[in-house]
Amino acid sequence: MDKSLLLELPILLCCFRALSGSLSMRNDAVNEIVAVKNNFPVIEIVQCRMCHLQFPGEKCSRGRGICTATTEEACMVGRMFKRDGNPWLTFMGCLKNCADVKGIRWSVYLVNFRCCRSHDLCNEDL
């Protein structure tokens with residue numbers, strides 16, 4: 001395992017946040033839970049599964065828990081693959097301005113992000 005790449009993972013997430021589009025501004029944001037209260041639409045909060053490090057075939061090894069996504073956030077699953085397509089690492093949690101993205105190149109890895117707001121712990125199903 002390349003520890004220097006693991007230490008750079010937060011930098012990758014920060015760069016991704018700066019480049020991604022906002023979930024709430026997307027035209028196809030159909031997974032948001034919207035309730036109408038007193039004739040005003042209200043976006044409900046969503047709880048997300050959180051895990052900072054999970055390797056293939058193993059349980060979550062760091063950062064297991066639940067986070068609460070604000071109206072600007074979504075539940076997210078990030079998966080890193082080696083260039084040959086073999087899975088290397090999975091991480092999940094709440095992410096601001098989340099967007100579904102495939103194939104971001106990061107060193108010798110490819111990274112995919114999937115986002116949801118359809119129900120509590122929806123990122124367990126992605």
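Numbers here mean position along the shown chain, with the first residue as 1.
Cβ from N, Cα, C; glycine included.
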From the list Cys94, Cys98, which cysteine is recorded by Swiss-Prot as disulfide-linked to Cys115?
Cys98
Looking at Swiss-Prot, which one of Cys14, Cys15, Cys75 makes a disulfide with Cys48?
Cys75
Please work out, from what Swiss-Prot records, which of Cys51, Cys94 forms the disulfide with Cys60.
Cys51
Can you sort out which of Cys67, Cys122 is the disulfide partner Swiss-Prot gives for Cys94?
Cys67
Just going by other Cβ atoms within 10 Å, which of the disulfide-bonded residues Cys60, Cys75, Cys94, Cys98 has the emptiest spot?
Cys60
Around Cys48 (disulfide bond), which of the listed disulfide-bonded residues (Cys60, Cys67, Cys98) come within 10 Å, judging by Cα atoms?
Cys67
Rounded Cα-Cα span from Cys115 (disulfide bond) to Cys51 (disulfide bond), Å:
15
